[in-house]
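S.K.: One structure coming up, written as structure tokens, with questions to follow.
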Amino acid sequence: MVHGNSRPLEKDVVRDLRRELSYGQYLRLDRLLDAQHPVSEPEHHDELLFIIQHQTVELWLKLILHELRTAREHLARDELKPALKQLARVKHVQHTLTEQWSVLATLTPAEYVEFRGFLGRSSGFQSYQYRAIELILGNKNAEMLEVFAHDEFAHELLNGLLKEPSVYDEFVRLLHRRGHDVPAAFLQRDVSLPHTFTPELVPLFRGIYETAAENWDAYEACEELVDLEENFQFWRFRHLKTVERTIGLKHGTGGSSGVSFLRRALELTFFPELYAVRTEI
């Protein structure tokens, strides 16, 4: 019998899943939902929020890294249009990550201080996936690998990305193969070092912007990369402000100076020439 304010189950809905792959099995929900283990004693109500916030961030970072590596592979094979698809997806994930800070911002200083001491030296600064994304976007910093010496898998991943070309490196190399004038010094540079502003690249991008109709996919890629960097900065800023409203000017659990350290990250750039060209157009 169907009562009011209810929806009857359709006859073809699968009811017996004993021999079928179920939703929970496919997503490994038994493991996923058993991965939240508060360390506070007695267990603090808000620690679950804190854990889930960071775990979901790590899941999204995993997807971003997956998409950026694929985009880089496409660029290396001169497949610009498929790479644009990956970059577009990354941008949407970035929007989700930035907005997600509003959930953690519901944690007040008075609530957080009640379990912060149980976190020891663990810190979001130690997120190897976040560092991996910075590396693949060109923010190379070999010193950062020291933080992951205890984790063989993470250290190997980051060391590999440190020595590999960034997404930006591969994009500029693609432009070179298409006949655009790229400085030899850029093509031959040590990709394990951070990319710094190269004024000789600006005329290249100016030419693309001023002949957009003839270079539409390259023009679109330039704008996608600017969007990506801008979104990254939005995320960094929301991170900074969430930390500031939660712990003020206290030092981070990982030993950093906290807010002032995060503020300096706002000065880091991935694609400085794509911003500089705007002054020249």
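First residue shown is number 1, and so on along the chain.
Here the Cβ of each residue, glycine as well, is placed from N, Cα and C on the backbone.
Fair warning: this is a prediction, and the values are worked out from it, not measured in the lab.
Quick paste from Swiss-Prot:
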{"type": "BINDING", "residues": "Phe50, Ile51, Ile52, Gln53, His54, Tyr112, Arg116, Thr253", "note": "substrate binding site"}
{"type": "BINDING", "residues": "His239", "note": "heme binding site"}
S.K.: Between the Cα atoms of Gln53 (substrate binding site) and the residue listed as 'heme binding site', what distance do you get, rounded to the nearest Å?
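M.R.: The residue listed as 'heme binding site' has its Cα 12 Å from the Cα of Gln53 (substrate binding site).
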S.K.: Determine, to the nearest whole angstrom, how far the Cα atom of Tyr112 (substrate binding site) is from the Cα atom of His239 (heme binding site).
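M.R.: Cα-Cα distance, Tyr112 (substrate binding site) to His239 (heme binding site): 16 Å.
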S.K.: For the binding-site residues His54, Arg116, His239, work out the Cβ neighbour count at 10 Å and name the residue with the minimum.
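M.R.: With the binding-site residues His54, Arg116, His239, fewest surrounding Cβ atoms within 10 Å: His54.
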S.K.: Let me spell it out: for each of the binding-site residues (Phe50, Tyr112), count the other Cβ atoms within 10 Å of that residue's Cβ, using every protein chain shown. Which one has the most?
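M.R.: Its Cβ has the most other Cβ atoms within 10 Å: Phe50.
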S.K.: Per the record, substrate is bound by Phe50, Ile51, Ile52, Gln53, His54, Tyr112, Arg116, Thr253: how many Å separate the farthest pair of Cα atoms?
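M.R.: Of all Cα pairs among the recorded substrate binders, the widest measures 18 Å.
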